[in-house]
Amino acid sequence: MNGAAGMMFFVWVVIKVLVGVIMVIAYLNITGRSQVSQMTPIDLFGNFIMGGVVGGILYNDKVDFFRYVMLLFVCIVVMASLNYLTRRWALLRKASIGRPIPIIENGRFVVQAFEDHRSRLDIHDLASNLRMQGIFGFDRIQFAQIEPTGNISVIQGDKMHPTRFVVFRGKLLNAELEAGEFEEEWVRHELTLAGEGDLEQIFLAEWCYERMVIIRQDGQIIRGPLRPTRSVNAQNPLPLSRVERMAAHPWGIGASS
């Protein structure tokens with residue numbers, strides 16, 4: 001009898017482990033986060049919780065199998081809900097995931113970024129990460145920023161400059177506009193110049209340093225005319241001449257020097 005009971009105990013342990021693995025893998029496949037680098041802090045925290053649930057219940061006979069499955073299901077629902085909310089609310093996303101930190105803009109160091117993020121930025125770590133990418137000096141770096149994941153994105157020399165999304169699914173991305181110091185009127189004007197002034201017809205629009213690129217709801221890509229170059233980050237915007245400022249803001253917005 002004891003042998004049979006002991007065998008059943010291990011059978012249930014195996015079943016619980018398999019169920020836990022299946023549910024975690026299903027969640028990762030649904031969210032598309034199959035690698036650690038793709039996970040948000042919410043995912044990592046949720047994984048710790050789920051690991052605690054699985055490990056704590058494996059040898060606990062007082063929690064029946066149904067409650068065990070429901071606990072895992074509740075954890076998955078909470079994680080999925082929080083991730084959904086972070087995608088919908090820019091403020092929650094900024095608080096839970098963070099935002100990129102530009103450290104070099106237009107070939108110049110953003111010194112203020114080092115002052116504002118002293119606990120996160122270290123010049124020695126930055127240099128080490130750049131060396132791992134085969135970059136051994138700052139002289140040819142045009143743009144660099146630390147992503148929320150901790151990785152460093154670098155653009156050297158005269159390569160393409162970074163872009164900034166301004167519209168997604170027919171709605172202005174106010175957080176992006178604020179970060180880039182883009183006025184709503186200016187964005188709407190550039191969208192109209194590009195050939196699509198109706199936000200509801202726009203799936204995605206991004207400012208690509210010197211032109212607006214629009215992806216319509218039907219999948220068509222529209223590239224606007226070349227315009228005066230404008231930095232995607234507010235920390236170190238490119239200086240524009242008075243003529244360029246007037247061309248970019250025909251009604252006088254932002255034309256003051």
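Don't overthink the numbers, they just go from 1 along the chain as shown.
Here the Cβ of each residue, glycine as well, is placed from N, Cα and C on the backbone.
What TrEMBL records for this protein:
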| type | residues | note |
| --- | --- | --- |
| DOMAIN | 13-85 | domain 'YetF-like N-terminal transmembrane' |
| DOMAIN | 88-207 | domain 'YetF C-terminal' |
| TRANSMEM | 6-30 | transmembrane segment |
| TRANSMEM | 42-59 | transmembrane segment |
| TRANSMEM | 65-85 | transmembrane segment |
Summed over the domain 'YetF-like N-terminal transmembrane' (13-85), the DSSP helix, strand and coil counts are 61 helix, 0 strand, 12 coil
Spatial neighbours of the transmembrane segment (42-59) not adjacent in sequence (6+ beyond its ends, CB under 8 Å) are 13, 16-17, 20, 24, 31, 33, 68, 71-72, 75-76, 78-79, 82-83, 86, 96-97
Tally of helix, strand and coil residues over the domain 'YetF C-terminal' (88-207) according to DSSP? 45 helix, 31 strand, 44 coil
